[in-house]
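A.B. asks: Below: one structure in structure tokens.
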Amino acid sequence: MTEALQQEQAYLQHVYEQLLNSESELSELLERYETEGRAKLSMLASEVRLNFGNDSDTLETFANFETKSREIDQMNLRMETAASLLQKVRQLLKVPYFGKIAVDFLDGDAGETEDFYIGRHGFAKEDSQHLIYDWRSPIAELFYNNDLGPSSYHVNKQRIDVSIEARRQLIVEANQLLNFFDTSVAIQDDVLLEALKQDATSQMTDITSTIQKEQNVIIRDTEHPLLLVNGVAGSGKTSTIMQRIAYLLYSLRSEITSDNVMILSPNRNFIDYISNVLPSLGETNPMNLTFRQLVDQYLIWEIEDEHRYFNRISSAVDDQQVNILRSSAFYEHVKLSGATLAKSGFFNPLTYKGKDIVPVARIQKYFDETPEDNSLQARLQATKQKLLAYWEKRLNTQAKKPKMQNLILTLSEEMQEKYFGSLIADESNANLVKLGRQFLHKKYRKITQALQDNSWLNFHAMFNTVYQDYTGEAYQFARDESFTVDEAVIYLTIMHHFIDKLNIPDMRFVLIDEVQDYSPAQIHLLKDLFTKSEFTMVGDENQAIFNSSIDFDQIKAIFEKENAASAAVGIGGRGAVARAQRGRDYVQRYDLLNSYRSSGAITKAFSGLASTRNEIAITPIRPYGEAPVMKEVENSNDYVELLEILHTQLPKGSQLTLITKTAQQAETLRDLLAEQLPSLTTDKFYQVLPISVSKGLEFDNVLVVDVSADNYQSARDQRILYTAFSRAMDRLFITYQGEASPFIAKLR
Ligand SMILES: Nc1ncnc2c1ncn2[C@@H]1O[C@H](COP(=O)(O)OP(=O)(O)OP(=O)(O)O)[C@@H](O)[C@H]1O
């Protein structure tokens, strides 16, 4: 046994024992807290006497409650802290650490090296001697940088110069050291290759122990308000943003919690796919929504469902109207349309049982009385106040009329209960007026509500005015009653800028995956809603497979324009001024070109489909593996035989994912296979997914269905194929009927 191995084993044994000690101490502590807690709870319950005899007794009872509830809060907090520590120790007991660096601090005792072990959590002995350092701690950065020799890291913005003498990856299971590798230069990373060999899982797993240098830079970048990551398929974009969130929650723990972070995901499947990563790292999941769900939260009307949304954005039809709604130019036009709107009529009468109770003329009159030089938002808010005051006065006047008082007195007992909650006892004039007001408020509550929620504004008319002003043509609303996501973006823009500012939660970080699928208008809206947030946007221009998309230069331009504008007027929403003064870039772009998911052969197959804009070649990290297999089929029935063959050929227990271009194709094929292959269907040997749903996910074996010339021919089809091929980790099968698509000609 080498000396190094002996030393490592001894250290591991030592750490493991300390972890075991800590586990039993924490378990005992927790048990004690629980017993004490239960005893305390019953004592507290007996101590608080409920006495609501008079005002002072009631106050005392409440004060007692408050004191006791504070004690309970403290008890809970102590228990939570101990339980969370215990959970971390138990996780460390499975894998205490995975890395080590030997560091020479160049300031003081140069020439002496100190060892730092890196794990998923930090762990210190009681004398606060650190046995394991959290992977997010400042020193751990040196491990991920993967360099030997002179280097530096930062603690509280202070630079510490060091020399890294050794970097070691350790494969540890409980107290067993299975293997270790010293990395002098990052050539062949065996630990990484071992990790990449694992089969696909239905839920994404973390990459803490094998984060790569180029990913680490993104994870730890807290300098730039906007990070834009354009990464090839399987380059670890999603993994990187999940690790980044864990990093931010740790390093900014005195400033933020998971409530200040939001993820925008491409679809609901994907939300589920990534939902385990942060809990497995000991962090709480932040809010995770699709853009459609976000918009839906603020829209008072029905919005198209996810299925319809995907069908619409997956279709090849290029709709001129929709393209306008999605464009930057139209969004900016809408924001500048205050004056145009002010001159147009856009009021709705408020009606009750078919009668105009507050006619348009009155609303218009109140609006015209507001100062013309005020913003439209200020004028509409003033109009609303006038309307509410008018309405209140009108109900008061009505309540005072003898006719109303007679009506109150003649109400049946049932009606009295309904309107006043009890029978009328006091028939004085003043009381009858009060009851009359109550009666009218109840009767016309829909009108009051309509005033509050802006139903007196005709949003359709406002929408149409801005659209017509821009295009010269009327907007053709679909007859369907629900709104499209694209229309909703414009509605919310009008709402936010001209009516009521939307009440957006205070997010410090917004992280967007698959950003290439957003429309420019959607990006503008996010920028305008989350004015204080820092953004991390990741995507792949080659995976822009929908009829809605944006490229990275456009995103950059949108944010840089905002930054320039806010710097010019001296407001620094996203820390813009401060950063501009320090001369730092506002937007930082990163390009990721390593492919970690797919085998070398599959990476080669989808690299060939990347657009020419990607000048630098995609680098496969995994071994070459099996070449993609092409298969001609005569008709859909051939899939039955093909699946039977693959079932016998693929390793036992494998699953095959068939990917189609459209949801319709998936449905047809699913029905056919379910009927013809009942046992393979029940065994879940295969699944059929359209590309829109399989986006962002990964599978061991993929069969891309019908890559025929008539199914895949446009530039967008090429991106669909790139996306579909790159879902595969180990094996890729491609079928076609008749003539194969020109995009796969090279593969044959
Ligand atoms: N540093 C790493 N160590 C181990 N595995 C990694 C690493 N980086 C990426 N992977 C693995 O590579 C696969 C692809 O990662 P991920 O899904 O994050 O990539 P992506 O860029 O978001 O992909 P796509 O855009 O194609 O959906 C995952 O299985 C992930 O665990």
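Heads up, the Cβ atoms here are built off N, Cα and C, so glycines get one too.
Not my notes, these are from TrEMBL:
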type	residues	note
DOMAIN	210-599	domain 'UvrD-like helicase ATP-binding'
BINDING	GLY231, VAL232, ALA233, GLY234, SER235, GLY236, LYS237, THR238	ATP binding site
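Buried or exposed, and what's around them? Tell me for each listed feature.
C.D. replies: If you draw a 10 Å sphere around the CB of THR238 (ATP binding site), it holds 25 other CB atoms from the protein chains shown.
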A.B. asks: Centre the Cβ atoms of GLY231, VAL232, ALA233, GLY234, SER235, GLY236, LYS237, THR238, go out 8 Å, and tell me which other residues of that chain have a Cβ in range of the ATP site.
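C.D. replies: Close Cβ neighbours, site residues excluded: ASP540, LEU592, SER595, TYR596, ARG597.
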A.B. asks: If I restrict to non-local contacts, at least six residues apart, and a C-beta distance under 8 angstroms, what lies near ALA233 (ATP binding site) in its own chain?
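C.D. replies: Once residues fewer than 6 apart are set aside, ALA233 (ATP binding site) is near ASP540, ASN542, GLN543, SER595, ARG597, SER598, PHE606, TYR722, THR723, SER726.
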A.B. asks: Tally every other Cβ atom lying within 10 Å of the Cβ atom of VAL232 (ATP binding site).
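C.D. replies: Its Cβ has 29 other Cβ atoms within 10 Å.
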